[in-house]
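Look at TrEMBL and you will find 5-141 tagged as domain 'Semialdehyde dehydrogenase NAD-binding'. According to TrEMBL, the feature NADP(+) binding site maps to SER12, GLY13, TYR14, ALA15, ASN313. Under the heading active site, TrEMBL lists CYS149.
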Amino acid sequence: MSKLSVAIVGGSGYAGGEFLRLALNHPHLEVTQVTSERNAGDPVHFVHPNLRGRTHLKFRRMADLEAADVLILALPHGNAAKHFARFEGLAETIIDLSADFRIKDPELYRKYYEEDHPAPELLPSFVYGNPELHREELRGATRIACAGCLATSAILALYPLLKLGVPLPKDIMITGLVGSSAAGASGSDASHHPEREGSLRVYKATGHRHHAELTQELPGRFPLHLTAISTPRVRGILTTAQVFIPDGYSERDVWGAYREVYADEPFIRIVKVRKGIHRYPDPKLLDGSNFCDIGFETDDETGRVVIMSAIDNLVKGTAGHALQCLNIARGWDETLGLEFVGLHP
Ligand SMILES: NC(=O)c1ccc[n+]([C@@H]2O[C@H](COP(=O)([O-])OP(=O)(O)OC[C@H]3O[C@@H](n4cnc5c(N)ncnc54)[C@H](OP(=O)(O)O)[C@@H]3O)[C@@H](O)[C@H]2O)c1
């Protein structure tokens with residue numbers, strides 16, 4: 001089988017660099033171009049030292065991009081939509097890692113991004129890149145808008161209960177603890193600030209932009225509230241979602257919902273262990289892997305269920321699920337290039 005050529009735009013960043021790392025091990029992909037304006041002409045491993053000896057590619061400018069089979073857009077928010085005319089003729093398949101095409105409703109976009117969408121006519125052509133929710137739409141898709149990292153962690157934590165319509169009596173409270181790499185190498189994500197990277201602090205008490213993705217993607221439009229906290233860790237997201245189950249429901253029902261909905265998911269693992277120190281999802285175990293680990297614990301007295309999910313924001317939250325989406329779109333084995341299981345200890 002001949003390999004598909006891949007061009008990564010914004011390849012000096014964390015997300016683009018991570019896609020490159022994964023694509024170098026993919027049997028059907030060959031990365032032929034990686035762009036960076038600031039590093040044009042330099043070998044890729046000057047910026048991504050982990051790839052030394054694995055690729056001899058050099059960065060080129062966006063203006064020098066040539067046609068490829070697959071274009072990965074890993075640019076700061078706003079750039080993909082504003083410059084889409086430059087990209088659309090270059091590749092049959094375009095996968096955008098930014099938030100530009102995730103939100104289908106321009107009004108919802110305006111509410112969270114505080115501006116009119118620059119190209120609303122393009123929104124319907126993109127499939128929201130979350131394999132667990134949109135697998136059928138992803139088959140054969142040529143434009144994919146990959147889900148946000150915190151959104152992915154929260155959506156996967158809550159999806160089974162909401163999909164099965166468990167009648168939750170109270171609002172859902174979500175807290176996401178997010179590693180500093182979610183801000184990007186240049187701190188390009190507006191909700192972070194590079195000077196504050198690596199500290200433990202609340203960076204968005206209310207109004208986080210990924211709330212828009214939860215509103216759009218979670219069934220039932222259930223009232224939910226999201227707070228994001230940045231942590232000193234570099235990679236990883238740990239999310240807790242607190243829900244209350246109604247009288248007559250028990251942890252067995254919760255367990256059954258997750259088993260039913262995620263039974264065949266290759267990258268979702270339910271963590272439910274009574275003994276030992278590995279009883280809860282732990283982002284440390286997922287570094288570099290495409291898994292989302294989900295666990296839950298119930299307080300029988302109050303009916304409160306704490307649902308926990310952990311991912312690597314740069315893999316299952318970005319480059320990994322982008323590759324999973326591409327595998328699905330092309331009809332390949334969904335797990336190709338994503339077999340790494342993480343490290344322990
Ligand atoms: N980090 C994450 O965990 C994560 C998770 C999900 C989604 N994403 C999304 O992925 C995208 C990239 O994020 P990132 O974390 O990789 O950011 P990043 O580390 O700051 O990288 C941004 C990339 O875009 C290039 N760039 C910056 N400004 C540019 C401009 N005006 N025109 C052209 N190129 C420009 C940068 O390189 P040069 O300046 O050298 O050109 C760099 O290659 C963002 O939209 C982000 O929201 C990131």
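Cβ coordinates come from backbone N, Cα and C, glycine included.
Automatic prediction, not curation, is the source of TrEMBL annotations.
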Cα separation, ASN313 (NADP(+) binding site) to the residue listed as 'active site' (Å, whole number): 5
CB contacts for TYR14 (NADP(+) binding site) [other CB atoms within 10 A, all chains]: 24
The domain 'Semialdehyde dehydrogenase NAD-binding' (5-141) - residue tally per DSSP class, helix then strand then coil: 50 helix, 27 strand, 60 coil
Spatial neighbours, same chain, of SER12 (NADP(+) binding site) - Cβ under 8 Å, 6+ residues apart: VAL34, SER36, ARG38, ASN39, VAL47, HIS48, PHE59, ALA185
Per-region confidence, the domain 'Semialdehyde dehydrogenase NAD-binding' (5-141) (mean pLDDT, whole number): 97
